[in-house]
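Listed in TrEMBL for this protein:
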- 1-26: region 'Disordered' (REGION)
- 8-20: compositional bias 'Basic and acidic residues' (COMPBIAS)
- 70-123: domain 'Protein kinase' (DOMAIN)
- Lys102: ATP binding site (BINDING)
Amino acid sequence: MMAGVFDLELHDAENDKNDESSDDAIEVDEQSLSVEPNINSILELQDVEKIQLSEDTVNPNQEKTGPKDFELLKVLGKGGYGKVFQVRKLTGKDGGRIFAMKVLKKVQYFFSLPFQHPQKFLQ
């Protein structure tokens, strides 16, 4: 079984520099930028329903998926934080479908997070 194939639209780097109407460009004026929303004011609205997060409320009636539910097909890429594998799901309603699975090196990721010296917080 082969994963879906799709077309890539490639641009010349030189043409992109001169192209003012890039698909990736979005013009935003400073007035349309807003401050981060105040979570407390949002929670006070009448339309808001508060739900306690638990295993039952986040994904109700959904099967648990683990490494045993996938067949590793090949390595798609390697990086400083881990590997990306092409996998086939073996179980469940999407069994047989091809996915990309990113496997992180947990210890390396934890220690590479930016560190703030405690004294900066005491000032």
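Cβ coordinates come from backbone N, Cα and C, glycine included.
TrEMBL does not curate its annotations; it predicts them automatically.
The Cβ of Lys102 (ATP binding site) has 12 other Cβ atoms within 10 Å, all protein chains considered. In the three-state DSSP reading, Lys102 (ATP binding site) counts as strand. Confidence annotation: the domain 'Protein kinase' (70-123) carries a mean pLDDT of 80 in the model.
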